[in-house]
Structures are given as C-alpha cells and as structure tokens.
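**Q** When I checked TrEMBL for this same protein, it listed these features:
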- 165, 166, 167, 235: NADP(+) binding site (BINDING)
- 5-120: domain 'Tetrahydrofolate dehydrogenase/cyclohydrolase catalytic' (DOMAIN)
- 139-290: domain 'Tetrahydrofolate dehydrogenase/cyclohydrolase NAD(P)-binding' (DOMAIN)
Ligand SMILES: Nc1nc(=O)c2c([nH]1)NC[C@@H]1CN(c3ccc(C(=O)N[C@@H](CCC(=O)O)C(=O)O)cc3)C=[N+]21
C-alpha cells in the first residue's frame with residue numbers, strides 16, 4: 001500500500017502561502033503581481049488550461065491578462081505581441097500556451113520572451129541557468145514535482161531515479177534537477193526514451209520512476225521494484241460517455257503499481273495541480289526579484 005503524493009492538497013497549501021504574500025504586498029500599498037497568457041487558436045484543452053490559470057490568479061490575488069489571438073495571426077504579429085508584453089512594466093511574467101499551431105516556429109517564439117518574464121522557464125537562458133545550478137525560473141511541472149518530493153520528505157539522495165521521456169518541458173529538465181546538488185536532488189539519474197530497447201530493464205532497478213511520455217497506463221506493476229516512488233506526469237484525455245465527455249488517464253497503471261510502491265501520485269490530483277501552483281509561484285518570484 002503506497003502513500004499518496006497529494007498534489008491537490010499541496011497545491012492549495014502553496015497557493016495559500018502565495019495569497020498571504022500578496023496580501024502583504026498590497027497592504028504595503030503596492031500593486032499585486034500580474035501574469036499574462038497568450039493563447040493562439042482554438043485548441044480545446046489549451047483553452048481550458050489557460051482559463052484555469054486566470055482562475056488561479058484571481059484566487060491568489062494576482063492581476064491577469066488573457067490575450068486570445070486568432071490562428072490566422074502571422075508569426076511577426078505574434079512576435080510583436082510578445083515584444084509589447086516584454087516592454088510593459090505592469091506585466092511581471094507571461095506565458096505563450098503550447099502547443100502553438102503548426103505554422104509557428106516554436107523555438108523562435110520562446111526565444112523572443114524576455115528571460116526575466118519567462119515564468120514557464122522555457123527560454124534557453126533559463127534552461128541553461130538551471131542546468132548550471134544557477135538561480136532560474138524552473139519549468140512549472142518539474143518544479144512542482146520537486147516540491148511534492150521535498151514537502152513529503154521523500155528521500156532522493158543517492159537513490160536511482162529513472163525518468164521516462166526526454167521532452168524539453170518535463171523529462172529533460174526533471175533529469176537535470178534530480179541529478180543536481182541539493183534536496184530533493186543528489187540522485188543517480190537514468191533517462192530512457194523511445195529508442196531505449198528495454199525500458200523495463202531500467203525501471204525495475206529504479207528507486208524513483210518519473211513517467212512523462214504521454215502513453216496511458218504505460219508503467220505497470222511488473223515493471224517496478226517493491227518500495228519504488230512513482231511520479232505520473234501523464235494527462236491524456238480519453239473520450240467517454242460521462243457528462244464531461246472525457247476522463248484523464250495517467251502514464252501509470254495505478255491499480256497494478258500502487259500495491260508495490262511506497263509513494264505514488266494520482267491522476268487527476270497529482271502533478272497537474274502542482275504545475276498550476278508553481279506557475280503562480282514563478283510569477284511571484286518574477287515580481288520580487290531579478291536573477292541577473
Ligand atoms: N506554455 C505552457 N505552459 C504550460 O505549463 C503548459 C502548456 N503550455 N501547455 C499544456 C501543458 C499542460 N499543463 C497542465 C496544467 C495543469 C494541469 C492540471 O491541472 N491537471 C489536473 C486536471 C485538469 C483537468 O481536469 O483537465 C490534474 O491533473 O489533476 C494539467 C496540465 C500545462 N501546460
């Protein structure tokens with residue numbers, strides 16, 4: 001029987017902490033932090049995520065701006081909108097919701113964001129600073145996972161962590177943070193991915209498995225060792241005939257992994273809510289200090 005890494009509860013605790021900080025700021029007569037989000041096009045899941053970010057801002061007392069741009073906008077026009085946010089002193093941080101429609105050069109768009117306002121931590125400057133163990137905006141999902149481990153006092157030092165997936169926003173940064181100095185951190189890290197011949201061979205040796213590949217129920221109980229810590233980053237929408245029309249499935253087969261694991265994140269209510277809370281945290285940090 002595993003203990004639950006409860007992201008729903010911890011995200012609420014963190015949002016309450018942020019809210020208290022914002023009260024101090026506004027009671028001192030200063031304006032609250034302000035987050036902006038750019039959403040291009042009409043992707044249903046993206047709309048839902050962006051709306052939840054606006055809701056989170058309200059909850060913690062931040063100002064928020066949602067810029068909805070049509071899919072027909074040109075890359076230059078989008079770059080001009082980013083420049084306006086870079087130059088606007090009332091905006092502390094902003095994000096460009098991903099994925100962008102295919103005709104945009106995602107790399108070029110991300111590089112246009114002022115690293116000081118890059119609260120997603122996606123800009124190469126922030127990624128580089130993170131990799132060098134300098135102060136940086138950490139991408140929200142890896143930051144959230146580190147908080148889940150830290151605040152539940154999960155031991156990571158000297159333990160073998162296997163990360164499944166090497167994406168630039170989850171797998172790769174997660175592998176860097178877990179191998180970095182500190183607590184959580186100081187792990188021995190293996191990254192496995194689509195070209196790893198036998199992933200189970202590695203996960204069976206792992207003390208900690210972080211699964212971020214976007215394939216429902218990929219990790220099953222026979223692939224892990226007893227007492228392993230299991231972190232599930234998957235959130236695939238699977239259509240069904242519920243009132244919502246879909247449900248979320250993680251990359252972990254919870255039912256077969258839970259009896260063997262020592263700790264496990266649920267889906268929903270695990271990593272997802274932490275991602276949202278850490279975006280708020282990064283926006284507060286952007287308001288409070290300059291890393292350079
Ligand atoms: N520029 C950018 N930054 C992002 O941080 C970003 C992005 N683009 N594109 C999409 C992904 C995905 N993402 C999630 C955030 C919250 C939940 C979340 O709250 N999940 C809930 C369930 C939500 C539901 O019911 O749909 C949970 O797991 O319990 C999930 C996924 C942020 N992303």
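Each residue's number is its place along the chain shown, starting with 1.
Any Cβ shown, glycine's included, is placed from N, Cα and C.
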**Q** Could you list the residues of the same chain, at least six apart in sequence, whose Cβ is under 8 A from the Cβ of residue 235 (NADP(+) binding site)?
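**A** Those within reach of residue 235 (NADP(+) binding site), by Cβ under 8 Å and sequence separation of 6 or more, are 248, 249, 250, 267, 268, 271, 272.
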**Q** Max Cα-Cα distance in Å among 165, 166, 167, 235, the residues listed as binding NADP(+)?
**A** 16
**Q** Near ligand 1, which of the binding-site residues show up if the criterion is a Cβ under 6 Å from one of its atoms? Options: 165, 167, 235.
**A** 235
**Q** Per DSSP, what is the helix/strand/coil residue tally across the domain 'Tetrahydrofolate dehydrogenase/cyclohydrolase catalytic' (5-120)?
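**A** Final tally across the stretch: 61 helix, 19 strand, 36 coil.
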**Q** In sequence order, which residues at least six apart in the same chain have a CB under 8 Å from the CB of residue 165 (NADP(+) binding site)?
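**A** Non-local contacts for residue 165 (NADP(+) binding site): 171, 191, 193, 211, 212, 213, 214, 233.
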